[in-house]
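Trainee: My structure is below; once you've seen it, I'll send some questions.
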């Protein structure tokens with residue numbers, strides 16, 4: 001008799017995605033991050049759901065409702081810190097996942113890659129709106145500064161900002177709508193994840209060599225299920241350690257002060273995972289130019305497949321491209337550091353240099369070095 005998992009209409013889909021899926025035999029730990037992101041999303045949706053049961057999206061009570069969750073709700077502090085630090089874990093996994101895609105040439109699966117860029121943008125929007133909800137000083141001023149950037153758009157900018165705010169400043173209407181969108185977007189993200197996987201399973205997974213692996217495939221279960229479970233345990237251990245030992249390590253002390261429109265914090269900055277983009281924004285003196293650079297710093301990923309000039313897919317056998325890739329990583333770490341520093345010498349010039357190098361590396365250096373490596377193959 002045929003196994004029910006292969007015949008049942010619903011179980012068949014799960015079976016073909018998680019059990020009998022043919023996978024390349026050479027996948028390294030870098031292929032764990034997709035499933036880790038799934039776990040992060042599940043943790044965020046679950047903790048967020050329970051937090052939403054106690055949170056109130058009103059300027060008068062939002063800050064106090066978060067305090068109430070931490071002090072009075074059973075294990076409310078665990079929920080709150082799991083949600084806040086879970087977001088950090090989410091972005092660590094996201095950036096490593098994107099980095100893996102860049103290094104091993106996974107972007108040649110253009111549909112999967114483009115849906116991935118959509119996912120990254122949606123998660124970033126969700127995280128930004130979530131940071132506004134506790135209604136601390138950095139929540140309020142972060143929301144004010146970032147939404148105000150839209151006023152740089154010619155003609156419609158000012159009207160657009162006031163439309164998003166629901167008034168003439170960040171206020172009750174803004175908080176309420178941000179809560180509504182923050183609740184809704186993760187479910188849209190979950191739907192996009194399904195589309196992402198649908199496109200991925202059309203082509204099959206890439207592998208570290210970048211060479212087609214059709215002749216050498218193994219079933220996903222048990223080989224990669226056990227590998228993924230090890231990844232889950234490692235990540236959840238790290239998250240638990242962060243939540244239980246140092247929950248405020250990645251947060252901002254200013255957010256423990258209730259929002260006050262009359263008092264601006266000395267250094268307005270977003271959460272650490274947006275600092276690289278914030279540094280690029282600040283490094284351009286012109287407002288509209290800064291906004292365009294900010295948007296391009298993420299959307300540049302969409303043109304990476306067009307810039308692939310190498311005859312090889314993966315960087316595994318391309319040492320010169322590897323050097324440039326790790327230079328890019330160093331540039332992004334520098335930008336993250338600069339984004340958290342005050343706007344003064346020498347930080348401004350370091351940020352401007354790193355921003356220029358970021359775009360030059362992706363747009364010019366990498367394609368040129370790939371062409372050079374193609375010529376070296378003929379030696």
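Each Cβ is built from the backbone N, Cα and C atoms, and glycine gets one as well.
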Trainee: Give the range, chosen from 136-156, 157-177, 178-198, that Swiss-Prot lists as transmembrane segment.
Mentor: 178-198
Trainee: Swiss-Prot lists transmembrane segment for one of the ranges 12-32, 33-53; which is that range?
Mentor: 33-53
Trainee: Applying the under-8 angstroms CB criterion, which one of 33-53, 113-133, 288-308, 320-340, 347-367 scores highest with the transmembrane segment (77-98)?
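Mentor: Selected stretch: 33-53, with the most Cβ pairs under 8 Å.
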Trainee: State the non-local partners of the transmembrane segment (178-198) in its own chain: residues 6+ outside its ends, Cβ under 8 Å from one of its Cβ atoms.
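Mentor: Tertiary neighbours of the transmembrane segment (178-198) are 17, 38, 41, 44-45, 48, 52, 55, 57, 112, 115-116, 118-119, 122-123, 125-126, 129-130, 132-133, 143.
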Trainee: Residues with Cβ closer than 8 Å to the Cβ of residue 97 (heme b b566 binding site), same chain and 6+ apart in sequence?
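Mentor: Expected: 33, 34, 37.
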Trainee: Does residue 83 (heme b b562 binding site) have same-chain partners at least 6 apart in sequence with Cβ under 8 Å from its own Cβ, and which are they?
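Mentor: In sequence order, 44, 47, 48, 51 meet the Cβ cut-off.
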Trainee: Which stretch, 33-53, 288-308, 347-367, tops the Cβ pairs under 8 Å count with the transmembrane segment (226-246)?
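Mentor: Stretch with maximum Cβ contacts: 33-53.
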